[in-house]
């Protein structure tokens with residue numbers, strides 16, 4: 001795969017062509033320089049000799065696709081529809097779009113600009129701004145490492161479901177028989193077949209986080225495969241990543257469009273759509289709606305991980321990152337809204353299906369209890385007949401009455417689910433009722449895989465770019481070995497998530513590894529750029545680099561509005577944690593066939609504390625270390641002079 | 001006299017076949033649900049067929065080979081369609097034990113269903129559970145096959161990429177040794193400025209003050 005190395009016209013008017021595609025950061029020997037017969041005040045190295053140290057994206061489209069592929073992830077599919085449903089349907093779009101313009105775009109532009117300007121990964125970039133701030137980069141790398149560890153487990157699960165989609169009938173569409181073949185498995189009867197397949201067959205979940213059980217070999221195999229797939233994509237750095245992101249960015253849209261058409265033609269889809277998009281204006285006054293909108297924008301764009309800085313560092317310095325930032329954030333939000341249309345038509349179908357099954361069960365019950373003619377009771381005359389029966393045969397009716405469920409479409413639609421529950425339980429329940437369910441299942445899990453791998457590419461780039469930038473490591477090991485080592489270590493640690501209690505640890509990582517730390521990291525980032533480096537200096541740098549002056553809007557946002565929003569989010573989260581007291585989690589109870597709430601044991605709380613601390617403490621600790629080193633050097637310098 | 005006998009027989013029959021009588025089973029049919037437009041009406045002929053199927057099933061039970069249609073009694077037919085039935089012994093005084101009837105029906109459930117174009121859910125014998133079909137487990141789970149295929153593809157692709165990377169690097173290492181000889185003819189000096197080798201300063205951007213980066217090697221502290 002040939003990298004497109006851009007040649008720069010040299011001082012002597014002749015470019016310095018590269019021999020062949022170079023690897024970044026690991027020059028075999030010293031690059032020969034032509035001095036053209038003069039010692040340079042302007043070093044001859046500007047003649048593109050060091051260009052081979054940094055590969056570039058083959059064209060700007062690859063960069064945009066990489067950012068889209070990274071930002072558009074599973075959160076767009078399984079978090080935004082939930083938020084939309086919880087906070088007023090159509091009216092949630094108002095705070096969402098406002099936060100996009102006020103918080104999302106400025107922060108995204110900031111990260112891309114920093115990366116493009118400093119042309120290094122997160123650690124190097126922040127060290128260039130100030131050596132005391134390289135802790136920000138280190139914190140980003142630590143958070144990215146945590147994220148990549150647990151995020152790939154989702155890809156493993158997607159692989160698992162994908163492989164199981166090639167069966168007829170789908171394995172989650174029916175309950176397995178119990179041991180003596182007289183009925184269905186008890187746990188499956190209490191829950192539903194899709195829940196049973198998820199909790200028992202996929203996770204084999206234990207009743208609590210204390211009982212960790214053993215590593216399940218099936219999800220472990222899928223995890224190994226997931227890491228191998230990620231390794232394959234990042235193996236060659238931007239060369240391979242640049243090609244892969246064409247697929248991971250575009251294929252999910254194809255599947256979403258197919259699903260949109262299919263979803264809208266499903267029976268009952270309009271119920272879901274009407275329910276979702278009916279605006280409940282009173283939710284606009286709910287501060288939680290605004291906070292969740294801000295949080296969703298923040299995390300959906302993937303700010304603070306260092307991935308955006310890493311991607312932008314492979315950009316041409318003159319590329320228009322402002323336009324890219326606006327485009328990427330708009331596409332990300334549009335995808336969220338698009339995905340929620342699809343999700344809600346599927347919801348509507350599922351809810352209508354369940355509602356009609358419930359009605360049919362009631363009809364059957366009454367028909368059998370009163371020996372009415374088969375087919376006499378329908379959904380339309382149900383209430384009438386119920387009244388008639390209640391008055392004519394009161395004693396019999398009272399016997400049957402406790403078993404009659406109140407079927408309600410709203411109650412079915414109200415079951416708001418997010419996260420893995422939505423993706424692996426609710427969607428599969430809807431899919432099993434469609435015709436040709438294998439095809440829809442394969443398409444859906446393939447889309448989940450593309451979304452997940454696209455985000456993983458960004459995560460691993462955030463970790464690998466600083467590592468390959470650092471001379472100490474990249475001189476000793478080639479890029480392939482560094483990536484391989486990272487994948488191996490993450491895979492081995494990720495085996496924790498394939499144990500029987502793995503899903504509980506997954507929830508811990510999902511809820512706590514990134515949330516608080518990222519807010520702090522981005523806050524320090526903005527502060528660093530605006531106040532340590534200097535907003536005016538940064539603006540003039542950008543203008544020199546891209547040739548366009550910085551719009552006043554961005555300056556206002558960076559200096560004032562966005563930091564305020566982040567501070568308020570931080571305060572909200574902290575107060576939320578403090579007020580809730582002890583932290584709780586949802587555990588699956590096999591005997592009841594549903595989730596129960598339990599308290600975390602002490603060691604789990606310790607792990608949570610370590611997760612948050614290990615990334616946030618990097619910032620002050622590294623600053624302190626840099627300060628001490630500087631003092632030592634200065635002390636050493638003065639003594640040597642004397 | 002004949003009328004008296006007739007009444008006696010029907011009275012005995014009525015006692016034998018009653019809802020919740022001993023050894024009686026309730027049957028429930030949902031013909032409209034199963035067949036929709038093609039549903040047939042439940043009349044005396046269908047009842048006759050049912051009695052025949054039950055008699056047939058009982059004949060398969062050891063020691064009951066002489067069961068006749070007249071031994072099967074049906075009563076309490078409702079609009080649902082549901083009714084109760086019992087099977088009597090040849091003397092028509094006692095009903096046959098429920099176990100035997102259950103065994104007979106379970107053994108021949110498929111034949112009985114097919115006679116009426118119904119299935120286990122639409123022709124229900126209450127209190128006679130139907131045997132659920134065992135799951136068809138293939139010898140090798142399908143998912144492992146697909147997993148194996150994808151796994152092999154990925155491994156092969158990784159190996160190819162890694163190997164091609166190694167070959168390229170080997171070629172490149174042979175390459176510069178020839179270029180270097182040519183370059184030596186030009187003034188290939190390393191510019192040293194202010195005691196800081198330009199080599200150690202990497203190009204990070206257009207306007208960064210690189211000396212800030214390499215302050216560790218600064219000779220004159222500020």
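Cβ from N, Cα, C; glycine included.
Those TrEMBL annotations? Automatic predictions, nothing curated.
What TrEMBL lists as Na(+) binding site is A:71, A:72, A:76, A:300, A:332, A:451, A:455. With a cut-off of 8 Å between CB atoms and residues at least 6 apart in sequence, the same chain places A:68, A:71, A:72, A:76, A:104, A:300, A:301 near residue A:332 (Na(+) binding site), listed in sequence order. Reduced to three states, the DSSP call for residue A:332 (Na(+) binding site) is helix.
According to TrEMBL, the region 'Disordered' annotation covers A:1-43.
Sequence-remote contacts of a segment are chain residues at least 6 beyond its ends whose Cβ falls under 8 Å from one of its Cβ atoms, and for the transmembrane segment (A:60-80) they are 112, 154, 238, 241-242, 245-246, 248-250, 252, 296, 299-302, 307-308, 311-312, 314-316, 319, 324, 327-329, 331-332, 335-337, 339-340, 343, 418-420, 422-423, 448, 451-452, 454-455, 457-458. TrEMBL lists A:60-80 (among others) with the feature transmembrane segment.
What TrEMBL lists as transmembrane segment is A:92-110 (among others). Counting same-chain residues at least six beyond the ends of the transmembrane segment (A:92-110), those with a Cβ under 8 angstroms from any Cβ of the stretch are 83-84, 283-284, 289-290, 293-294, 296-298, 300-301, 303, 308, 321-322, 325-326, 328-330, 332-333, 337, 522, 525-526, 529, 554, 557-558, 561-562, 565-566.
Annotation source TrEMBL lists transmembrane segment at A:131-151 (among others). Packing against the transmembrane segment (A:131-151) from elsewhere in the chain are residues 121-125, 304-307, 309, 452, 455-456, 459-460, 462-463, 466, 486, 490, 493-494, 497, 505-506, 509-510, 513-514, 517-518, 520-521, 524-525, 528, 532, 611, 614-616, 618-623, 626-627, 630: each is 6 or more residues past its ends and has a CB under 8 Å from a CB in it.
Per TrEMBL, transmembrane segment is recorded for A:217-235 (among others). Tertiary neighbourhood of the transmembrane segment (A:217-235): same-chain residues 152-153, 155-157, 159-160, 163, 202-203, 241, 244, 453, 456-457, 460-461, 464, 480, 483-484, 487-488, 490-491, 494-495, 497-498, 502, selected by CB-CB distance under 8 Å and a gap of 6+ residues from either end.
Taken from TrEMBL, the feature transmembrane segment covers A:244-269 (among others).
According to TrEMBL, the transmembrane segment annotation covers A:289-314 (among others).
Residues annotated as transmembrane segment in TrEMBL: A:326-347 (among others). A Cβ distance under 8 Å defines the sequence-distant neighbours of the transmembrane segment (A:326-347), meaning residues of its chain 6+ beyond its ends; these are 64, 67-68, 71-72, 76-77, 80-81, 84-85, 93, 96-97, 100, 104-105, 108-109, 253, 256, 259-260, 263-264, 266, 269-270, 272-273, 275-277, 296-297, 300-301, 413, 422, 426-427, 430.
The transmembrane segment annotation in TrEMBL covers A:442-464 (among others).
For A:485-506 (among others), the entry in TrEMBL reads transmembrane segment.
Positions annotated as transmembrane segment by TrEMBL: A:512-535 (among others).
For the transmembrane segment (A:556-575), the list of distant contacts is 99, 102-103, 105-107, 110, 291, 294-295, 298, 515-516, 519-520, 522-523, 526-527, 529-530, 535: same-chain residues at least six beyond its ends, Cβ to Cβ under 8 Å. What TrEMBL lists as transmembrane segment is A:556-575 (among others).
Residues or ranges marked as transmembrane segment in TrEMBL: A:603-629 (among others). Remote same-chain partners of the transmembrane segment (A:603-629), defined as residues 6 or more beyond its termini with a Cβ less than 8 Å from a stretch Cβ, comprise 131-136, 138-139, 142-143, 146, 209, 504, 508-509, 512-513, 516-517, 520-521, 524, 583.
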Does the transmembrane segment (A:512-535) reach the transmembrane segment (A:244-269), going by 3 or more CB pairs under 8 Å (6 or more apart in sequence)?
no
Remote residues contacting the transmembrane segment (A:289-314) - C-beta distance under 8 A, at least 6 residues beyond either end:
54-57, 63, 66-67, 70-71, 73, 75-76, 79-80, 83, 86-88, 92, 95-96, 98-100, 103-104, 107-108, 111-116, 118-122, 125, 137, 140-141, 143-144, 147, 238, 283, 321, 328-329, 332-333, 336, 455, 458-459, 461-466, 514-515, 517-519, 521-522, 525, 565-566, 568-569, 572
For Na(+), what surrounds A:71, A:72, A:76, A:300, A:332, A:451, A:455 with a Cβ no more than 8 Å from their Cβ centroid?
A:68, A:70, A:73, A:74, A:75, A:301, A:302, A:335, A:336, A:454
Determine, from DSSP, whether residue A:72 (Na(+) binding site) sits in helix, strand or coil.
coil
